[in-house]
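I have placed the structure first, in the form of structure tokens, so that the comments after it can refer back to it.
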Ligand SMILES: Nc1ncnc2c1ncn2[C@@H]1O[C@H](COP(=O)(O)OP(=O)(O)OP(=O)(O)O)[C@@H](O)[C@H]1O
């Protein structure tokens, strides 16, 4: 087992893998059978489970959950494997988890969780969690170090009570009538705190380290026996509080060791620390006070219990309503201790499973319906579990990845970067060599100044000094020239940026031209289509038939009229053979009729002709429609081609842009590196300049001094002789005071 662990914090793994994904709260329903009491009361089963489906029906209501156990649903034995085992597996990957048992008094929460310490409760969730946990630890212990801690608290009347407090091991009868722990006087109350990284912790609660299954079971038993229970109408041994048994699993994994840049291995640096918590929550009964038959103290207790459950309901409502969640509505976690403690389990960093326990008895129908509604809303809650690494190991992981990346990059870049590095190294070496030369010169000059006898100093020395000064000035200029090279690099970068802007501009122009073309094609298409509607709006076949029929009718009519005319003509001929007045009269009438018929015939002919004309026109418009149709087809083909081209161009541009961005990223990185080198070189450069400046100044001062000395000696040779020692001494003192120590120079 490990030593004191670093405090963990929820850290999304680099690259986003394995964490931070939304996952809904899983909800399962556990329907217990009718118990002896209910049978004795003659209760009927009012809950139906649709076989083969996770669906529960009560009255007219029907609910679908993730799983339904008991009754005609899945067997209760499958509950652990399907709902809880994945959460236990997740613990080993660093994910927090919560299992909540919810339901009215006597619905089977304690039975389901298995915290009742009766034989029948052994199949419950907590005992199975413990045995699976230790089984897994046993198989993994050769590659991972584990540390397990447990804590057990209950929330009673909005007070957090420590069920594992070693200072009061014996169960005591509390003044308010229920069994429970006695608060030790002077012991500070347990407080719920939120750390800076959002982790909810319990300050002051006992957290014991456990090394075996037996030990853990003993703590669970000890805590369970200390739990506040009391009897109600509905359950003789009713849990009056919300109980939370928390298992903390810490693990130090040895992950694949990685070789460092110099080829050595750093095994010790590759440990990864993970820490995850599993909350096993047995909530107090959710029934309404009046049904429990509770009175007095129990009733007050009920109010407090329900305060937690009410707040829990409000939290579930706020989180379960997608609209409210999106609007970022306030979630009232702080309304009760229970919701505050379960903050991470509901909408936070945890994988959560809620088990809604229900009784099938018809007398509990109302409560059962409420439980199902409550649970149904919880299904909409989305959590965001992340791997809980300690910041140090996640930072190390990041650095390791960065190192790997840089090594890969170095390999990929091959010679070109090493050339650059070489150039920079050479420049640094050159600057350092120049620096050393200058220092050496300075040193020589200084010692010469100190040792020189002013009598030996003549104008020649002064000229040497001025020549040296010139040399130093030249050095200064050469250093400035190196600055110019850097400016040139920047200018070439600017040129590249210009190219990029031009390319983007070109792309935008091309896209907008193609957009215009597309727009134009769309306009033409619309035009042609509306023309087409005008031309081809009629039913051509029907129209043809109509005209054909009309012409035929006219043909018939014409024939009838012509026959009538022929008949009349024949009659007139017969009549003209006779000579009496009556015949004459008839002849006149017939002639009249004949005339009318002639006009009718010519009318019909005209109509027929116009109909033929119309038919011809129709044929023409049919041809026009066909042509239009062809045009429309060709415009559509052009449009498709253009869209295809646009897509291609956009894709090409996207690819180009992506590669540019990649390049840019690389360049930026290089730029940063170069910038750093530049700063370094500039600093050296600056220092060199200062040295040169000072040296030039010193040379000038020394020259001046020497000249003064020479002149002084020339003007009073006698005095000179007696004072020469003093002057020399003074000169030395002066020269020392003029020349700061080498240490000061480079400070
Ligand atoms: N699945 C089941 N099969 C058989 N009996 C069950 C089952 N679930 C519960 N019971 C029985 O029902 C009774 C009440 O169960 P339990 O004490 O677990 O209810 P509870 O919800 O924890 O009640 P409270 O909230 O009052 O503590 C117990 O006698 C228990 O043995």
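Even glycines carry a Cβ here, placed using N, Cα and C.
Given the structure is predicted, the values throughout are model-derived calculations rather than measurements.
These features come from TrEMBL:
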type	residues	note
BINDING	103, 104, 105, 106, 107, 108, 109, 110	ATP binding site
COILED	511-652	coiled coil
DOMAIN	24-381	domain 'Kinesin motor'
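Everything TrEMBL records as a feature, shown here on the structure.
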residue	record	Cβ contacts under 8 Å, 6 or more apart
103	ATP binding site	109, 283, 285, 286, 356, 357, 358, 359, 371
107	ATP binding site	32, 285, 357, 358, 359, 364, 367, 368, 371
108	ATP binding site	30, 32, 357, 359
DSSP state at residue 110 (ATP binding site), helix/strand/coil: helix
DSSP three-state assignment for residue 103 (ATP binding site): coil
